[in-house]
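Visitor: Attaching a single structure in structure tokens format; questions to follow.
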Amino acid sequence: MEKSEKGNGVAPATRSPMALMGSSRNENQEVNTSMRTAETMLRLVPMALGVAALVVMLKNSQSNDFGSVSYSDLGAFRYLVHANGICAGYSLLSAIIAAVPRPSTMPRAWTFFLLDQILTYIILGAAAVSTEVLYLANKGDSAITWSAACGTFAGFCHKATIAVVITFVAVLCYAVLSLVSSYRLFTKFDAPVNYPKLSQFIQATERVGWRLGRERSPESDDDNNKDGC
């Protein structure tokens, strides 16, 4: 009896190259689909956070015996509202584009990378400026005789704090999106052509000038000798 079988099992049949290629394509499609779904959800999260911070701040106003205050009275809070609105709109648009199954091209990757970076800094600046205003509202500033206002308008400061905290969570989401878009860009596409640095250009210019000076030095020596005679 031939020893082609091990025990009672049958030797596995070899798979054809076409079958292997088909299975690898299916696996790649599944991976791309899962990554596209994850990116779409990640882009929808800051949209929800931006809308939440926007609504909280828009409804933030308080009136009492000492007066009234609203978010529109402070430029930092107005900037926070506008920044959250812009970021929420961009998140929705980018999520729709990311959900569409399209081949990744260099212009598309660069567009996502640049816009993610810009929106990250916009929302970060809004959160940072609003945090400074809240700090002054809670602590005051004796150097400019600015008293703390949160003792008088506690409800206003509480809602503003909630909006700022939500905005910082959105900043974290945008930071992750920036990392994802930069990784996708610089791993799939080659880096731009490296042009000579300024120092290398200066060194090359100095070498050329030094060589020209050496070539002209004998002529200048002959002229000096003629003048001396």
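Cβ atoms here come from the backbone N, Cα and C positions, even for glycine.
Because TrEMBL annotations are produced automatically, they should be read as predictions rather than curated entries.
According to TrEMBL, the protein carries these features:
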type	residues	note
DOMAIN	33-173	domain 'Casparian strip membrane protein'
REGION	1-30	region 'Disordered'
TRANSMEM	41-59	transmembrane segment
TRANSMEM	79-100	transmembrane segment
TRANSMEM	112-137	transmembrane segment
TRANSMEM	160-180	transmembrane segment
Visitor: Can you name the far-off residues of the same chain, 6+ from the ends of the transmembrane segment (79-100), with a Cβ under 8 Å from a Cβ of it?
Guide: 36-37, 39-40, 43-44, 46-47, 50-51, 53-54, 57-58, 71, 112, 115, 119, 122-123, 125-127, 129-130, 163-164, 167, 170, 174
Visitor: Please spell out the DSSP helix, strand and coil residue counts for the domain 'Casparian strip membrane protein' (33-173).
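Guide: For the domain 'Casparian strip membrane protein' (33-173), the helix, strand and coil counts are 111 helix, 10 strand, 20 coil.
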